[in-house]
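Participant: The structure's right below; bear with me while I get my questions together.
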Amino acid sequence: MPNMEPTTKEIKEQKIYQEMGLTDSEYELVCSILGREPNYTETGLFSVMWSEHCSYKNSKPVLRKFPTEGKQVLQGPGEGAGIVDIGDGLGVAFKVESHNHPSYVEPYQGAATGVGGIIRDVFSMGARPIAMLNSLRFGELDTPHAKYLVSEVVAGIAGYGNSIGIPTVGGEIQFDPCYTKNPLVNAMCVGLIEAKDIQKGQAKGIGNPVMYVGAKTGRDGIHGATFASVEFSEEGEQQRSAVQVGDPFMEKLLLEACLDVIRDHSDILVGIQDMGAAGLVSSSSEMASKAGAGLELIMDDVPQRELNMTPYEMLLSESQERMLLCVKKGHVEEIQALFERYGLEAVVIGQVTDDKMYKIIHHGEVVANVPVDALAEDAPVYHKPSKEPARYQAFQEEESFVPVMEDVVGVWKELLAQPTIASKRHIYEQYDYQVRTDTAVVPGSDAAIVRVRGTEKAIAMTTDCNSRYLYLDPKVGGAIAVAEAARNIVCSGGKPLAITDGLNFGNPEKPEIFWEIEKAADGISAACLELDTPVISGNVSLYNETDGTGIYPTPVIGMVGLVEDLAHITTQDFKNSGDVIFLIGETKAEYSGSELQKLQQGKISGRAPELDLTTEKKYQQLLLTAIQEGLVASSHDLAEGGFGVALAEATFKAGLGADVEVPFELNQLFSESQSRFLVSVKPENEAAFAQLMELEKVYRLGVVTEDDTIRVKHKEDQVTAKTTELRSIWQGAIPCLLK
């Protein structure tokens with residue numbers, strides 16, 4: 001078949017490079033770097049490697065703001081995943097990754113391959129994946145297409161995670177109209193590693209072979225990285241070829257084989273990296289660039305599952321379940337023998353060179369020859385103009401929303417039926433969250449917890465972000481996202497260690513959007529510094545807009561914490577009647593950005609809830625101390641729906657009730673004031689708990705009751721609700737909406 005690729009002249013004159021994702025100035029920069037016009041393959045290499053998805057060219061100035069260091073950090077940003085130290089020679093590797101655009105076009109495969117990709121990132125570090133989480137955003141469940149997206153995305157996550165045998169243990173889902181045509185699918189993987197086994201994605205040692213392992217290369221996913229770096233349109237729905245297809249059973253074999261190599265052949269393994277976004281070109285050029293080396297690849301040797309593939313297609317394909325290894329000379333047969341035991345191909349496709357060039361050979365001809373750093377390191381970095389949106393000042397000056405609360409119990413029931421608040425059991429029951437048998441706290445509490453085998457320790461993990469707060473005030477909302485994640489870890493008995501961030505925003509070329517990105521990063525950074533949770537990995541997903549309509553700023557925070565002793569594991573549900581109920585933190589009339597405002601006004605506006613990071617840190621440390629001293633029976637973070645929702649949720653599991661008198665007016669029952677915790681303690685621990693919390697804003701509210709009635713009083717006012725009725729509404733809402 002003749003090669004019909006455009007000539008260098010056609011690429012320039014017809015501006016074909018623009019269709020591939022390069023701007024005029026970027027194309028001119030490539031010409032300047034090469035001292036000539038790039039051919040079609042070279043233009044393709046630069047277009048994907050200089051995409052936002054691979055180069056972070058728009059977000060780098062913002063990412064530099066994040067604190068990335070701490071005594072607990074074993075590996076910060078720059079590798080497949082970040083790693084924190086948990087003692088005993090062990091580390092926890094984790095990262096969040098987005099697969100937003102593919103999940104709108106092809107929701108099952110888009111979500112499934114997002115899971116597969118993040119798993120490979122974690123095991124490429126040498127870590128065994130032990131848990132998956134996800135953070136999902138959809139439009140309102142009022143159209144068949146919205147229901148289809150939810151069902152298919154969840155099925156894709158479940159299909160891949162369940163098949164590969166990694167438990168999906170937690171996550172969050174929010175529903176808002178801005179996500180109708182811009183769903184967000186962020187997957188997080190957590191792995192356990194012996195510190196001595198930490199790997200690097202590098203190709204060094206002149207003459208060392210580079211080996212391709214795993215599935216054969218097809219034409220799926222070509223320009224997937226570019227596809228994820230442009231604004232979406234209705235026509236974009238036709239770009240199904242940019243969505244990859246996953247095979248979890250192949251990935252399971254690849255995972256076990258790679259971990260075998262790392263464990264048993266670390267002396268001959270130089271580096272290992274996943275072929276993710278931008279496929280072979282990304283992994284190979286990054287590995288060489290990190291090592292200060294060059295690379296020569298023979299494309300004829302790349303395993304192919306389709307006929308007549310061009311070097312361009314092989315390099316840019318995002319076919320799944322593929323890894324790239326660099327091994328020491330003379331040991332290829334050993335590596336091949338190991339992979340053959342798993343029925344996997346392991347093929348030498350090139351070698352490390354000393355000239356810092358990225359040379360591609362096909363049919364004996366050099367088809368691309370460019371400086372490797374130009375691809376992997378030297379993408380232009382843009383300092384985008386930033387402008388405060390007009391809405392921000394309007395929100396600051398707006399009269400506060402006052403909810404209609406004539407029928408408090410009626411509002412309570414309505415809130416529990418909102419899909420963002422309602423039980424997600426219908427969704428998480430599709431996930432196998434008990435596989436591997438180490439899940440200590442299953443989905444449905446504040447954080448998931450997975451035991452560390454052979455120790456008394458456990459890992460607490462969560463994903464969090466209330467994007468409505470970020471829409472009102474991205475700096476405050478960014479800080480709240482980190483604070484809430486830490487609250488969830490602490491409520492579960494864990495000490496927060498570090499975060500991974502999935503930065504989902506609209507089009508950064510709009511100054512108002514870039515302002516959101518900058519301010520959100522400022523808020524995240526401030527909270528991470530105060531709470532000592534450095535950013536050790538992450539992902540940026542921009543251009544989440546369709547036909548000019550963008551999402552709320554949605555920086556998903558994935559956080560991991562250490563539970564020092566299994567005895568410290570704490571859940572949100574009340575345990576025994578007679579236990580004493582306390583509220584930590586102050587409740588104010590803060591409804592802007594709340595579920596209640598959305599319910600009653602049909603929109604979000606006003607000033608975001610206040611957050612005092614000093615107070616937040618103090619309350620978290622006090623509560624964690626109380627948990628570690630064995631004083632706490634249950635602990636629950638107050639989030640969407642405020643006190644009323646948290647109190648109801650605490651009664652549901654055991655079907656208990658509560659009799660409480662609150663220090664705030666009943667119309668503030670659903671306020672979303674920050675830095676609050678609902679805690680229950682056994683009567684014999686009440687005095688010790690109260691003494692520990694002395695001088696703080698901690699209120700004794702009442703007791704857990706045996707009947708299934710919740711009574712809430714303030715002075716002369718009282719409301720009463722049946723636990724069973726509230727639970728029925730809460731559990732039935734999402735199955736009903738998805739019908």
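The backbone N, Cα and C atoms fix where each Cβ goes, glycine too.
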Participant: Where Swiss-Prot shows Ser98, His99, Asn100, His101, Gln244, Glu318, Ser319, Gln320, Ser541 binding substrate, which of Arg120, Arg263 is named for the same site?
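Facilitator: Looking at Arg120, Arg263, the one Swiss-Prot places in the substrate site next to Ser98, His99, Asn100, His101, Gln244, Glu318, Ser319, Gln320, Ser541 is Arg120.
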Participant: Given that Swiss-Prot annotates Tyr56, Lys95, Gly538 as ATP-binding, name the residue from Asp501, Asp573, Asp579 that shares the site.
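Facilitator: As annotated by Swiss-Prot, Tyr56, Lys95, Gly538 share the ATP site with Asp501, chosen from Asp501, Asp573, Asp579.
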Participant: I'm trying to understand the geometry here, so how far is the Cα atom of Gly538 (ATP binding site) from the Cα atom of Asp274 (Mg(2+) 2 binding site), in Å to the nearest whole number?
Facilitator: 15
Participant: Work through the recorded positions one by one (His53, Asp274, Asp501, Asn539) and name whichever has its CA nearest to the CA of Ser98 (substrate binding site).
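Facilitator: Comparing Cα positions, the candidate nearest Ser98 (substrate binding site) turns out to be Asn539.
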Participant: Rounded to a whole angstrom, what is the largest C-alpha distance between any two of the residues Ser98, His99, Asn100, His101, Arg120, Gln244, Glu318, Ser319, Gln320, Ser541 that the record assigns to substrate?
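Facilitator: Comparing all Cα pairs, the maximum is 20 Å.
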Participant: Among Glu97, Asn100, Glu318, Asn539, these being the binding-site residues, pick the one whose CA is nearest to that of His53 (active site).
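Facilitator: Sorting the binding-site residues by distance from His53 (active site), the top entry is Asn539.
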Participant: For Asp501 (ATP binding site), which residues in the same chain are close in space, meaning a Cβ under 8 Å from its Cβ, but six or more apart along the sequence?
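Facilitator: Listed in sequence order: Phe66, Val96, Ile524, Val535, Gly538, Asn539, Pro555, Val556, Ile557, Gly558.
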Participant: Give the sequence-ordered set of same-chain residues, not counting Tyr56, Lys95, Asp501, Gly538, with Cβ within 8 Å of the centre of the Cβ atoms defining the ATP site.
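Facilitator: Apart from the listed residues, the neighbours are Leu63, Pro77, Val96, Thr500, Gly502, Leu503, Val535, Ser537, Asn539, Val540.
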Participant: Do me a favour and check the Cα-Cα span between Glu318 (substrate binding site) and Glu97 (Mg(2+) 1 binding site); whole Å is fine.
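Facilitator: Just about 15 Å between their Cα atoms.
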Participant: Please list residues from the chain of Tyr56 (ATP binding site) whose Cβ is under 8 angstroms from its Cβ, counting only those at least six apart in sequence.
Facilitator: Leu63, Val540
